[in-house]
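Marked as active site by Swiss-Prot on the basis of sequence analysis: Cys112, His244, Asn274. The feature region 'ACP-binding' is assigned by Swiss-Prot to 245-249.
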Amino acid sequence: MTCKIIGCGQYLPSKIVSNDELTKFVDTNDEWIRTRTGITQRHIADDTEYTSHLALKSAEKAIEDAGISANDIDLIIICTTTPDHSFPSVATKLQGYLGLTNIPSFDLQAVCAGFVYGLQVANSLIASSKYKTVLLIGAEKMTSLLDWNDRSTCVLFGDGAGSVILQRSSDDSGLIESNIFSSGIDYDILYTNGGISMNGTSGKIIMQGQKLFRHAIEKMQQSIEELLCANQFSVSDIDYFIPHQANVRIINKLAELLNIEEHKIIKTVEKHANCSAASIPLALSTLKGLGKIKKGDILLFSAIGAGLTWGSALIRW
């Protein structure tokens, strides 16, 4: 038994900040950002808009897209690294917003790989036959973790949320297989310099960009090749490749190494920037909204995040 995606939704804050606007308070320029990242703008939540609010707005759209009622949901998983509070979880707050009671809800923290991790966890719980309809969300307010004086990180991230509704599949559609990995010895490649038990703050993002670039390509390629081989798929079988939207150079290099045709690669990083766990469901929702996905299409997700955490998933639509 496997799960399938029956609905998608997304939400991006209304405030858009272009590269040119960033030059007003950080030493950078549009060409420098575009050539290194592919990013031209990012959405930024205001001070009164929290991760739970982003999650709610995307969830409502996914529920509508799936043609279900919120009352049909029997499990909520939110993948986030920017919760409203240390506790309770964003998922329980969202559950309250939706007026749901007596169902489990929890946050999952695997940073940019969170959605792939969440998909595997949700699928396992659906396969247990205990849960029928799962709301899985990637939601992030990454700009709350930025040092706006650090041009190596502040230009990279944005805010947003993407949601999917998952149900048990009764045919060959749905999650074919996924894999997830982590390597704790590499945690200092990307981390925040704060933490509740360490110094009582959330901290700001610290990143070793060149090391992360190398690890991202190596580990995502390995994950994808293992997944394809295990399921007797070739790259030519993939209809759409939806990678984590961290950096267009990573996406392009990975596609080159795997020989994935350009028209199959979904890129939203230009307009969304890096929305961490929200990036894949945002890209998926964007693609679905264009009406391009057909029944039977094979979708490949792949992501890497801090930890390091990484993984991939194959979906038959």
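Using N, Cα and C of the backbone, Cβ positions are placed for all residues, glycine too.
Ranked by how many other Cβ atoms sit within 10 Å of their Cβ, the active-site residues His244, Asn274 place Asn274 at the bottom.
The DSSP breakdown of the region 'ACP-binding' (245-249), given as helix, strand and coil counts, is 2 helix, 0 strand, 3 coil. For the recorded site, His244 (active site), the DSSP three-state label reads coil.
Residues belonging to the region 'ACP-binding' (245-249) score a mean pLDDT of 97 in the model. A strand conformation is recorded for Asn274 (active site) in the three-state DSSP classification.
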